[in-house]
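A.B. asks: Below: one structure in structure tokens.
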Ligand SMILES: [Ca+2]
Ligand SMILES: [Ca+2]
């Protein structure tokens, strides 16, 4: 009876230690914010454009410009009056758990917004208020215009539609009559997509989840430059990376701090001067050899070129090698032929991998492919916690042995 009690008590201590250590190892996956404003099946709507107070008007600067990953263009609303408040919305194909949003105000003299309401619908035509944003929240005043505003809701909002709503009272200075935005992103939390730098995951992705990647903190480099590489990832079509001279090959590269899942590419070439006909896209995993993931032969990048990979590539470096240029660029009559390789903007897509078991660890030594041997790991937070767990189990086991031995020797006396 007494022996059984000692055994049970020790088992309880061991179990407690086991659970605490499991918590320390952080088995739970970390969530990330994913922009779902352009998820498959989503539609975009807006109250009007300047001079056209007609819903979804394509004239002027349409609201669709708020969903293209470019911050140098804009939606320019119709005139803000008491009778004609202006708004921009996203309608989702099904109810979504919205965790937050981010908006960019256009850098023009036609907008000086001082607040707005964030509204949503959930299966009915009724708009409900999720948030009221004031001039103070935006840091907006007569001397300070806001450029971006990002908010994560305390509790996610379940919505079939989401909109930003502006009234005449929120238009700012007297000589401003409209509201102009350059981008709107709507976020949902999903399990972290960052894998382990495995290169080709071999896994297809959910096409409905394809979204632009945030390249704001990435590095950019190139084989040569008459205009800096960083210009090609600044979100503006007014700036570009340009190679020096018209010789090929030239390359342009984007580097991330940690591996990311890349599902596709989009290039905005400055087709006025540049006419790439042949290109390869290469991936380098953890500083290793470059591997070709896409080849364009005798094609044209035109002004806007998009390609989605078959499977997701998990890596920290992607390189575009421009191997041949043609002479079909749009230039003035009699102008010189292609003079350089020029990219106004290089965008990358990410997506949710189709996998039964999404990656739950960011351990850099793991590989997604079970046929590949794991690379030996440096101790990380996770593995140190695991060692701690082993120590506790060993110590607990010894204590159990000792207790039982003492009990036995007492019984033998
Ligand atoms: Ca835009
Ligand atoms: Ca640019």
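Cβ coordinates come from backbone N, Cα and C, glycine included.
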A.B. asks: Which range is it, out of 355-379, 380-404, that shows up in TrEMBL as region 'Disordered'?
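C.D. replies: Here TrEMBL associates region 'Disordered' with the stretch 355-379.
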A.B. asks: From the DSSP assignment alone, can you count helix, strand and coil residues within the domain 'F5/8 type C' (198-287)?
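C.D. replies: Once the DSSP states are binned, the domain 'F5/8 type C' (198-287) shows 8 helix, 41 strand, 41 coil.
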A.B. asks: Would you mind giving the whole-number mean pLDDT across the domain 'F5/8 type C' (31-189)?
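C.D. replies: It averages 96.
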